[in-house]
Structure formats: structure tokens, C-alpha cells
Amino acid sequence: MSEKYIVTWDMLQIHTRKLANRLVKKIHSWNGIIAVSRGGLVPSALLARELGLRCVDTVCIESYNYDCLKENRKIIKKAEGNGEKIIVIDDLVDTGGTAKIIRKLYPKACFVTIFAKPMGRSLVDNYIIDIPQNVWIEQPWDMSISYIPPLIQNYKIK
């Protein structure tokens with residue numbers, strides 16, 4: 001995947017608020033949130049704030065190793081229950097591998113993501129941004145802001 005979609009902290013918050021706006025209409029339906037670790041951790045905090053929910057748990061599924069999608073996903077930890085009155089959130093649905101596990105673990109949950117790629121899109125109940133399948137998403141927690149020297153410093157003035 002050579003093309004990248006860069007997500008800033010501001011854009012993540014804007015997109016998560018859009019998602020919250022869709023979910024707030026059913027606010028009496030929700031008892032809590034399950035964040036899919038690690039991608040859903042930051043969005044879950046933002047979503048919990050916007051919806052006034054205090055109960056946030058995690059399901060930990062190893063899907064990626066840095067920038068490489070793993071074939072065999074491993075459930076490290078799961079939240080209890082079948083997902084009734086729960087929002088499960090991840091940052092992205094990609095090929096659908098993790099989403100299929102989430103659907104089996106929490107069949108009654110409302111599963112949402114910020115970003116959705118074509119192969120996994122049908123597995124989520126709601127999402128905000130369409131992303132082409134061949135595009136890699138760079139999330140703000142995976143990047144750092146660093147100083148870039150001016151170009152002139154590459155040239156010695158004699």
C-alpha cells in the first residue's frame with residue numbers, strides 16, 4: 001500500500017463527533033462502550049465523552065504487527081456479555097477479519113468505526129469515512145510531530 005491517508009487529531013475528533021451525533025439519537029439504548037484495542041481506544045474515549053457514557057471496556061485482538069496485517073488474529077482479552085445495549089468501536093474496518101470476530105463475540109452490539117474500506121464495510125452498523133481498499137491509514141497516535149530543518153541547511157554556503 002503506497003498511498004496513505006493521514007489522520008490528524010483534529011480530524012479524528014471531528015469524525016468521532018459526527019459518529020456520536022448519529023448515535024446520540026438512541027442514547028437511552030446504550031449502557032456502555034467496548035473499545036477494540038488498540039485502534040478503538042482513542043475513539044472510545046471521545047465517543048464516551050460525547051455520549052456521556054462512563055462504562056468503557058476493551059476487547060483486545062491482535063490484528064496488525066506495525067504496518068502488516070496478520071493472517072491469524074488472536075483474542076488476548078474480551079469484555080463480558082453479548083453486546084446488548086453496547087457500542088463496540090474500532091478506528092477502522094479493513095478486510096473484515098477483526099469485524100467478523102467482533103460480530104461473533106458481541107452479536108447484539110452496535111459495531112461502529114470511523115473509517116471503512118470496501119471489504120469490511122458491510123460488517124459495521126455505522127461509519128463516517130470511506131477509504132479505498134489499497135490506502136493505508138496513518139492514525140495520529142502512530143505518528144509524531146517533529147522538526148524539519150529548512151532546505152537551505154542542506155546546502156553549504158561558501
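Cβ coordinates come from backbone N, Cα and C, glycine included.
Feature list (source: Swiss-Prot):
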type: BINDING; residues: Arg38, Gly39, Asp90, Asp91, Leu92, Val93, Asp94, Thr95, Gly96, Gly97, Thr98; note: 5-phospho-alpha-D-ribose 1-diphosphate binding site
type: BINDING; residues: Asp91; note: Mg(2+) binding site
type: BINDING; residues: Asp94, Ile137; note: guanine binding site
type: BINDING; residues: Asp94, Thr95, Gly96, Gly97, Thr98, Trp136, Ile137; note: GMP binding site
type: BINDING; residues: Asp94, Ile137; note: xanthine binding site
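Overlay of Swiss-Prot feature records on the structure.
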residue: Arg38; record: 5-phospho-alpha-D-ribose 1-diphosphate binding site; CB count, 10 Å: 18
residue: Asp90; record: 5-phospho-alpha-D-ribose 1-diphosphate binding site; CB count, 10 Å: 30
residue: Asp91; record: Mg(2+) binding site; CB count, 10 Å: 24
residue: Leu92; record: 5-phospho-alpha-D-ribose 1-diphosphate binding site; CB count, 10 Å: 24
residue: Thr95; record: GMP binding site; CB count, 10 Å: 15
residue: Gly96; record: 5-phospho-alpha-D-ribose 1-diphosphate binding site; CB count, 10 Å: 19
residue: Gly97; record: GMP binding site; CB count, 10 Å: 19
residue: Thr98; record: 5-phospho-alpha-D-ribose 1-diphosphate binding site; CB count, 10 Å: 26
residue: Trp136; record: GMP binding site; CB count, 10 Å: 13
residue: Ile137; record: guanine binding site; CB count, 10 Å: 19
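The binding-site residues close to Ile137 (guanine binding site), defined as a CA atom within 10 A of its CA, are Leu92 out of Arg38, Leu92, Gly96.
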